């Protein structure tokens, strides 16, 4: 299959996101699509797969003009799109999610459970994973859910597979399994569009790379004929001399302390964070880092343990109590827990601080709009309009909206779970700079990250977890990748 996208433009109201795009895709090739968040990568692929139409332009498939009315039509034609955010039903089982809308039936019209199970297990085997078929998908980790999304697409007869940040929530082993599958698909003649910000993956797996910036294509070339410095410069329009901005904040006394905390999947977790300090939490997927943070914030139930702010013990059983105590929490899954996608930017940003903008029972629209506009400008959110629906923003700009929401409460402590997941290199640096600015003001920050270079580049101290327990603590000076991984795998 050969796809030619010609003169594709797209606007949402007055917001132009694509302008005169020409792109060729070919079966049997792995084609990287790179660019900062907001460059238009996902929008272009959404047009290809029928989620919404182009404002102008034409799509040719094997020389014939063709458009799809919805993603289902595209899938039936052999073009599938695995989105960055999960497209699953948490209450339904793994098997039900896999075959939703594509159920296999017997000659009597009944569900052919045996054949569906067989196909599901065969697909999981190709991916190199073992996941129970009869448990609710909501009980699985983000990484496992991502693997199911990938498996779902593999159940189709594929010609072109579009993958948007497919490894963002995967372990190293799962990533290697994915690469094996992608290489196998290529050998079978399937074309893969690989949207990613991870340079090492681009050079490891792709044949061609296209760079987008501000809704236009900057360049397309064979991956082997370019390098990471050139790609970064083309993505952001400048060279990133220093990936992690230098931190100048003075670290003060202990401001946030957790003692002997126990909950689901973790026990006896103790740590502290000082004013102006960024404390990194590292560990393999399933180590319990996210569960600890969710318990502190009152999402998950605490079994035992104490939490203190400024040496005062606090009681938290719900997120609303955590917010009242001054705790902000950016969750790892922004779509389901961090944002209301149908709401606009202003409504999302002011959700935790509504009372601050209310006087005598009335919401102060003028003050809140001014406040939100200041945050939009400060975080370089690409829209410029507080009334723009959050669902129309790129993943990176959505992440900035979640950050702005918690900055708005003037937090006493800020917990960030995978703050730069799915975010491009330019936006990552902006987020790191914002973290440094907050630390300069004395805000203690806890950062959970699966990105080891990020942990090493941003953290003042590093806590490492293994199988639900703290396995070690490292200072910034003594930490390196080998020491962190040794602790993360249970070594000493």
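Yeah, the Cβs are placed from backbone N, Cα and C, and that goes for glycine too.
Lifted from Swiss-Prot, the feature list:
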- 3-239: domain 'ABC transporter 1' (DOMAIN)
- 35, 36, 37, 38, 39, 40, 41, 42: ATP binding site (BINDING)
- 238-492: domain 'ABC transporter 2' (DOMAIN)
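Classification of residue 41 (ATP binding site) by DSSP places it within a helix.
Counting every protein chain shown, the Cβ of residue 35 (ATP binding site) has 28 other Cβ atoms within 10 Å. Neighbours of residue 41 (ATP binding site), defined as other CB atoms within 10 A of its CB across all chains, total 27.
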